[in-house]
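> Structure in structure tokens, see below.
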Amino acid sequence: MALLETSKYSQGSVLGSVNPDLASERQTASFSVEKLTALLDGGVEQTRIRRAVVDAIESDPVFSRENQYFQTQNERYEAAVKKAVHLQKKMHEMGWTENGPEYKYIYRALSGDVAFLLHRVFMRSISMLGSDKQIAKWIPLATQHKLIGSYAQTELGHGTYLQGLETTAVFDTATQEFILNTPKISAMKWWPGDMGRSATHTVVFAQLYVHGKCYGIHPFIVQIRSLQDHSLCPGVTAGDIGPKMNFEHIDNGYLLLKNVRIPRENMLSKFCEVRPDGTYVRQGSQKINYFTMTSVRISLIADEVLTPLMKACTIAIRYSVVRRQSKLKPGEQEAKILDYQTQQEKVLPQLAAAYAFHFTNDYLQELFNRGYREIQRKNFDMLPELHALSSGFKAMITQHCTAGVEICLRACGGHGYSLLSGLPSLYTKILASCIYEGENTILLLQTARLISSTAAKLQDLIQSGVKKHDAWNQCTVQLVQAAKAHCHYIAVKNFAETVEKLETKAGIQKIMKHLCDLFALHGIFSNTGAFLHDGYTSAAQMDMVTASYLDLLAVIRKDAVPLVDAFDFTDKSLNSALGSYDGQAYQRLYEWAQKSPTNQMSPAYERYLKPLLHNTLSKL
Amino acid sequence: MSVNADLRKERASATFQPALLTHILDGGPERTRRRKEIEALVLNDPDFQHEDLNFLSRSQRYEQAIRKSSLMVMKLREYGIADPEEIYWFKSFVHRGRPEPLDLHLGMFLPTLLTQATPEQQDRFFMPAWNLEIIGTYAQTEMGHGTHLRGLETTATYDPSTQEFILNSPTVTSIKWWPGGLGKTSNHAIVLAQLYTQGQCKGLHAFIVPIRQLGTHEPLPGITVGDIGPKFGYDEMDNGYLKMDNFRIPRENMLMKYAQVEPDGTYVKPVSDKLTYGTMVFIRSLIVGDSARSLSRACTIAIRYSAVRHQSELKPGEPEPQILDYQTQQYKLFPLLATAYAFNFVGAFIKDTYHRISGDISTGDLSELPELHALTAGLKAFTSWTANAGIEECRMACGGHGYSRCSGIPDIYVTFTPSCTYEGENTVMMLQTARFLMKSYTQMTSGQQVTGMVSYLNDLSRQRIQPQHVAARTVSVRINDPTSLVEAYKSRAARLVESAAKNLQAELNHRRSKEDAWNRTSVDLVRASEAHCHYVVVKLFAAKLAEVTDAAVRAVLTDLCLLYALFGISRNAGDFLQAGILTSAQITQVNQHVKELLAVIRPNAVALVDSFDFHDVHLGSVLGRYDGNVYENMFEWAKKSPLNKTQVHESFHKHLKPMQAKL
């Protein structure tokens, strides 16, 4: 479908007609691109639905991201709010519902450039943590957007370590209210999305105090802005936390509460309740809570982590066959930079990783669906394993993919540094995923706690008289490495098993086998120390690993462009001057640059340059 | 506000005087004094104050930069600051380590006039340029070609009938793209173009091309010029494009100190082309220094913040510990701190070497140039790659707050990262070094002695005489001794150079063309160059220790040097194991010792970043403030965000309210 897309700049320029350097790459594909796309989507029907959603979104001018790179933070935020509002209308128009098959493709089609994402988290947390009565009261209001919700957990002073949160909620039996306070600066809520400017309500996590006793962290629904004029409620101070590396369209906010009173009924009370007399009651199992966190970690992998890496690979690889530089043989045309071994060694392992993690994600989704069914049956046996796996994979995949996007960015040389390449914003966006939903190092340690392959070492230290907690800290570097190795192993194993199950037709199995080998060999090649140290691999074998690894690069090189074409990103979704389907990178770069606001006459000339050039500096 | 108690405690526990270490980094107490004097001139000057740049749009940032640059030029002259290093300091304080639109005018246009213009051309251009009536840039890179200069496509065709050059951008890819200051600021450019005269192409030459009308600043007829749009960083710089259509300039505008075109079109060749090596070495040495400084700044921020932030618990019931007490945090940051020190010393070394031999260059002795050229190419790539990754690691070590612009690290990163590309793309640089290594290896195998930093290759030929297989020899590496570790790195470099050379030969034996064989070995070649550069860095760091007179400072630098060397071994254990330089048992010891060193360095960590002596204004970070009052100042900073300008954002009235009314 990218083929059919015509750019509005195509009149009078070469845009739209495919660059012969890119066209020739497509003629030699060893497999059917369309079939691989269907495999990635999970079936032909899924591909069809996805394309229909993408088409509906992209053909609507409100959702355009065309000027994104030129907009200020204020403009980006306003556009995102506008899109969020418009999306409601669009969904209604198209007959898409939250439970329909289209829903999961909307976010991808919008490239995440939309406000009120936390509104969904707000609703989810009420559904999960609220009593039936609370759900009946709040969910309809939220669904109809009578209010806009956010989710306020992280504070200035504490993130991943939830027990350390400092916001307080003190129960006042006299008025049957909770009194919420931000006792010190580090207790200020900081980072929650949609909270800086948009949200009217938010779920605040606070330390619950009843009769002077602390019961730990609990969730409370707090109204922060007026439903009439959007002004802040009494006792509430809130605002935007200022510019970040990305997410300019989101108003990540701060929130300071001073004696803000909320009714007793606003504490989300599916599992814990404070009775009118102040009695604290715990009911049901809280284990399901962990499942929410774990499922969020897994659900973000596809959209927030894999998609950016796949887009970055698409851009870098297409650009690498369009850009020619220097000569490989005297007298010949300059070579495509993808023909250089060093360039292959940069981008092709990232491509292999994108495929590997796609299948890892399938595997995890399947595992979670199974886990979810078990939990529905009140069987919590799988929870510890799911928790450990979700932590470890979230950390390993985000780290790997983030590094991969940066490698793609730098593999595009100077032009990769232009925002118009699309790569800087893919990078700054994906790297946030290393932090949110649990900082990576800490998550890996959680995995390590379960697998503890360094258990023996820990045992030694404990026996040698070091206290257990010190012992843990002294081993953490090793534990992190062990956890990463564990997840890497599963990823390789799963990829290999997936390849075996693929149908042999259409050449797909063969190319997937190559990618799987490359993924595995790259893992060894970049960690030779670990493999030699274990004695698992000999020095001579290592030479063979290196040789086969380098040979494979040349093999995969031939299918590199079809392999990224199979990801099936439209030009609008890539939003890249370098990576579009037609390969007209230079022409597009030139045309896009001319639209830059900096090319309108700047006041700097009259004010500063002119006096400077006319040698009247002293008048400044 | 008083200094945060944690930081006070950290500073009190240091085992050495940071000021003494600062002197070493600056090159003597007198240099430190002078640097601080110049810093004060800028910081106390109300003309150089402005709003936090994070809250300004790109156009506004450009405008601020131009305003400050104009004042800077005037004040430099007023204060009589003329020494290049002092100018660099002044400029860097004014612009807080960021690029500015006059960078290429001052750093490329003027120096190129001095070195490549004839006396007549200097008369015509230099004084107007010095007085900023002419603002110039240096237009080399094109849309289609960067590091590979021979591929540039802009043409300058000589027309003897009018005694003019006709400049053309014949293709889209030939449009000049990226030169700083080209988009909006400059009215002249030194343009590199393929010279055609008498029907023949004579290769790349430099031409002075007026691009904008003096007075109105409008582009001249035949010139299309503009800004290339938003980038990852460099917001204050108007990187530009330039397209020329039959644009004519007089014959006298070709820079003709070396090569010449006579009025009838006869081409006169330059004497030597090695001379351009000098400039390249100089600029690459600046990038090595920049790698050191940028990484030092990031380390300062991350380490101070890690001493201020408390999180979680190490022992139940105890207060939350400083995150710097976690081993994983130390493991992220201390090797980078050691690297920052190593690169500072490498930067100083290259600068000194350059100054030492630039005397030789002017007397015509170019013998040391090829090695220095090869070495700086590799070190430029090695240090910028490492610093680039290190800055990101520092940012991530600051968790979520590192992602906010207020941490300052995003800006350090986006400003620094293009140095992996400009002045020679890093992979290409590594391959240049590899070319020199392969040449030296061939010399060695043909029985010649090689000298300089590659002299370790001579050992390979000596080892070959021994009957024993090299890999089987036991090596006695003492992991507590920097000198011994230098030897280990030396062996690794020798091994990887030899292995790359053999693989290259094997490819050639398969009757591949030279170029094809080179390409099929290039991953090995890059690894060999990296190992060579790594060895040089360890060697220079170890050598520096002997120069330090203060025992306390020497002790802490020795810890850092050991950490740098051992961490490098740990990370590249495969190379050392495969070559038989270290045994598996020794690698285990190395890993263990790295962790012990983390604990040893821990009490000095804050003092070690204090020694870099970055002023808060220069650091530009709320997380890295000297006084450690992080949270209060984050709140103050956020209140100034553009989204907070009004209590209720206009989007509420435009979009939210109508939606709520409708539903």
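Each Cβ is built from the backbone N, Cα and C atoms, and glycine gets one as well.
Below, the features straight out of TrEMBL:
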type	residues	note
DOMAIN	A:32-148	domain 'Acyl-coenzyme A oxidase N-terminal'
BINDING	A:Thr154, A:Gly193	FAD binding site
DOMAIN	A:290-451	domain 'Acyl-CoA oxidase C-alpha1'
ACT_SITE	A:Glu437	active site, proton acceptor
> What is the pLDDT of the domain 'Acyl-CoA oxidase C-alpha1' (A:290-451) when averaged and given as a whole number?
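Reported value for the domain 'Acyl-CoA oxidase C-alpha1' (A:290-451) is a mean pLDDT of 89.
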> Cβ-Cβ under 8 Å from A:Gly193 (FAD binding site), same chain, 6 or more residues apart: which ones?
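Those within reach of A:Gly193 (FAD binding site), by Cβ under 8 Å and sequence separation of 6 or more, are A:Leu117, A:Leu118, A:Ser150, A:Tyr151, A:Phe247, A:Ile250, A:Asp251, A:Asn252, A:Gly253.
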> Checking A:Thr154, A:Gly193, A:Glu437 - which of these recorded positions have a CB within less than 8 A of a chain B CB?
A:Thr154
> Would you mind checking how many other C-beta atoms are within 10 angstroms of the C-beta on A:Glu437 (active site, proton acceptor)?
21
> Between the Cα atoms of the residue listed as 'active site, proton acceptor' and A:Thr154 (FAD binding site), what distance do you get, rounded to the nearest Å?
10
> For the domain 'Acyl-coenzyme A oxidase N-terminal' (A:32-148), what does DSSP give as the number of helix, strand and coil residues?
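For the domain 'Acyl-coenzyme A oxidase N-terminal' (A:32-148), the helix, strand and coil counts are 85 helix, 0 strand, 32 coil.
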> Per DSSP, A:Thr154 (FAD binding site) is which: helix, strand or coil?
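Going by the DSSP assignment, A:Thr154 (FAD binding site) belongs to neither helix nor strand, so it counts as coil.
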> With every protein chain in view, what's the tally of Cβ atoms within 10 Å of the Cβ of A:Thr154 (FAD binding site), excluding that atom itself?
21
